[in-house]
Amino acid sequence: MAKRLDLKDLNIYYGSFHAVADVGLAVLPRSVTAFIGPSGCGKSTVLRTLNRMHEVIPGARVEGSVLLDGEDIYGPGIDPVSVRKTIGMVFQRPNPFPTMSIRDNVVAGLKLQGVRNRKTLDEVAEQSLKGANLWKEVKDRLDQPGGGLSGGQQQRLCIARAIAVQPDVLLMDEPCSALDPISTLAIEDLIDELKQDYTIVIVTHNMQQAARVSDQTAFFNLEATGKPGRLVEVDDTEKIFSNPTQKATEDYISGRFG
């Protein structure tokens, strides 16, 4: 678990449109890296290339490489489905299968992989719900629909579903943007616990959240409309927020633009 990601000369295209240019950074294991920047700068686009989710969009392609412990996830013969098992994704809005039970939501990925043993599935469901700090709240209603949970509980259910297949990396695309402050705090506390076992990359528009949860922060920016987004600066979060090297970074985190 908790593998290193290295992005090298990453360029992302949608058809002829050059969306993101020349990104290079290292994401260290057992740490949280935050992607910040104004809307349209490419941070979510970069996030989705880290497990090849962008490929669901027609015309999407990448140049450069994304290495997971030295292996290029875009290399010949690499199955995108196996990549997404190793590098899990938690989306902006909670997306449990609404009519599926809480238990079945958690183990849906395992069932797709052919796991059918009930004891194994029950053990994984319990372990994953405990890992997502949700077990105590739902252990007496595992057969009820996941869609009946609160928004914050649904997001933790989605995190439980993601970790049930034992990924090495967790990607989170604004996981708290649709949640209230109390639920947001619960997710942030969970992220701090999860980084002991996983490599985590989070996209957030909340500067305070980035400062609270991340060890490293990468700031992306857009030069102009129609131009590709670029990585401006990446460093330890404390340094990014206290003494950034680029003026654009300072202007963004201080609220002068964005």
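Even glycines carry a Cβ here, placed using N, Cα and C.
Now, the feature entries from Swiss-Prot:
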type	residues	note
DOMAIN	5-247	domain 'ABC transporter'
BINDING	Gly37, Pro38, Ser39, Gly40, Cys41, Gly42, Lys43, Ser44	ATP binding site
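Within 10 Å of the C-beta atom of Cys41 (ATP binding site) sit 25 other C-beta atoms, taking all shown protein chains into account. Highest local Cβ density among the binding-site residues Ser39, Ser44 belongs to Ser44, counted as other Cβ atoms within 10 Å over all protein chains shown. Counted within 10 Å of its Cβ, the other Cβ atoms near Lys43 (ATP binding site) come to 28, all protein chains included. A simple Cβ count within 10 Å picks out one of the binding-site residues Gly37, Gly40, Gly42 as the most packed, and that one is Gly37. Secondary structure at Cys41 (ATP binding site), taken from DSSP and collapsed to helix, strand or coil, is coil.
Counted within 10 Å of its Cβ, the other Cβ atoms near Pro38 (ATP binding site) come to 15, all protein chains included. This prediction places the mean pLDDT of the domain 'ABC transporter' (5-247) at 94.
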